[in-house]
Amino acid sequence: MNVELQLDPRRTVPAWLAYGTPVLTVLAALAVGGVALVALNVDPVDAYGVMFVETLTSQFGLTEVLVRAVPLILAGLAVYLPLKAGLFNIGAEGQLLLGALAGTWVAVNVSLPAVALLPLMFLAACVAGAFWAGIPAWLRAKWDVNEIITSLLLTFVAQELQSYLLRGPMQGGTGNFPQSARFSDAATLPPLAGLVPGGESIPLFADVHAGLLVAVAAVVATYVVMTKTRLGFEVTFVGSNDEAARQAGMSRHTVYLFVFLLGGAFAALGGIAEIAGSQGRFRAAFAPGYGFTAIPIALLGRNSAVKVTLAGLFFAVLFVGGSSVEVAFGVPAALVEIIQALVILFLITSEFFKRYRVGIAFDRRGNDAPADATGGDARW
């Protein structure tokens, strides 16, 4: 009996595969992560109980999740938008850093009331982030230079620029630490308790800063643009069929610039919101790889901005819960990075199964069987 593996291109993707992929991906990543926990002599049930249940049932845990979700969601949108246009923005980390640097410069050098200073900080951050993201977009639109390479290389440039500025012109505070001067009260984002009607009666809002409102506004704006406007339709059309979009008179150059500029601005907002809301000053490594974590966030939520939000919250839980597991069980902090890598790996695998229908054909005729003998096959 001969066995043959067959790959047939799918004409349509089954609904269960299209919508179930994110859930199956997360479950598979957690399952393999559980194997790693067993290898470390840690009960996966206990560890995941601490990571998820205790984190989401305590006020401190929920507060930390919402605070960490702000830069993660905004950076996730920075990757999600180009992804909808068929592009890959690997440079969200650099755009986040540039936005944080620009906003910090305004915060420590401009003396204005909070009502004017905060918008100016966020505007400066958006301009810097959009400019940094616009470079790979322009190179791709003008000369078809691979945006993955250029956006990634610009991230390294941003990291070196940050190191120089925090040890030179922007260094502040006491000692020789790579950090800026501390933000004034006018440059600090207020808690939600004083901004949301009835917020004073919600204990959680006392420790969650207004950056959460910025993230929510960005998600709503992205959803409206992508689903209710012609430009959003063109972004999706260019991403699904570049050549057909060109023949229909759509400008892919405009689309490329739009998604990168807006995405870079969102990533920059995440950077300055994290500093003005949580840190109080720009410190080196203030955002531990949030821009790179945005990649699996965008891949998980690539169907809509709402799913990007859910993915951002999931990874925020991973960060906060991972720290708790590290303390409770002595598990290395790299566990969260392992789960992130597994999510990306399984997402890439799922894309293969979305594109191809895998089948196994069994030929039972043998060499001496008549020509009309039948075999069998199994496909999924």
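Keep in mind that glycine also has a Cβ here, set from the backbone N, Cα and C atoms.
Annotated features in Swiss-Prot:
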TRANSMEM  20-40  transmembrane segment
TRANSMEM  59-81  transmembrane segment
TRANSMEM  94-114  transmembrane segment
TRANSMEM  115-135  transmembrane segment
TRANSMEM  148-166  transmembrane segment
TRANSMEM  202-222  transmembrane segment
TRANSMEM  255-275  transmembrane segment
TRANSMEM  282-301  transmembrane segment
TRANSMEM  305-325  transmembrane segment
TRANSMEM  328-348  transmembrane segment
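The transmembrane segment (305-325) and the transmembrane segment (59-81) are in contact, since at least 3 Cβ pairs between them lie under 8 Å (pairs 6 or more apart in sequence). Using the rule of three or more Cβ pairs under 8 Å, pairs at least 6 apart in sequence, the transmembrane segment (328-348) is not in contact with the transmembrane segment (59-81). Outside the transmembrane segment (115-135) by six or more residues, the chain places 78, 89, 91, 94-96, 98-103, 105-107, 150-151, 154, 158, 186-187, 189, 214, 257, 260-269, 271-273, 276 with a CB less than 8 A from a CB of the stretch.
By the Cβ criterion (distance under 8 Å, sequence gap of 6 or more), the transmembrane segment (148-166) is not counted as touching the transmembrane segment (255-275), fewer than 3 such pairs being found. Contact between the transmembrane segment (94-114) and the transmembrane segment (20-40) is absent: fewer than three CB pairs lie under 8 Å, with pairs separated by 6 or more positions in sequence. When each of 59-81, 202-222, 255-275, 282-301 is scored by its Cβ pairs under 8 Å to the transmembrane segment (20-40), the top-ranked stretch turns out to be 282-301. Counting Cβ pairs closer than 8 Å and at least 6 residues apart in sequence, the transmembrane segment (282-301) and the transmembrane segment (202-222) reach fewer than three and form no contact. Note on the transmembrane segment (255-275): residues 70-75, 77-82, 84-85, 87, 89, 92, 95-100, 102-104, 121-122, 125-134, 136-138, 140-141, 147, 183, 189, 209, 211, 214-215, 218, 222, 231, 234-235, 238, 245, 281-282, 286-287, 290-291, 294 of its chain, located 6 or more positions outside it, place their CB under 8 angstroms from a CB of the stretch.
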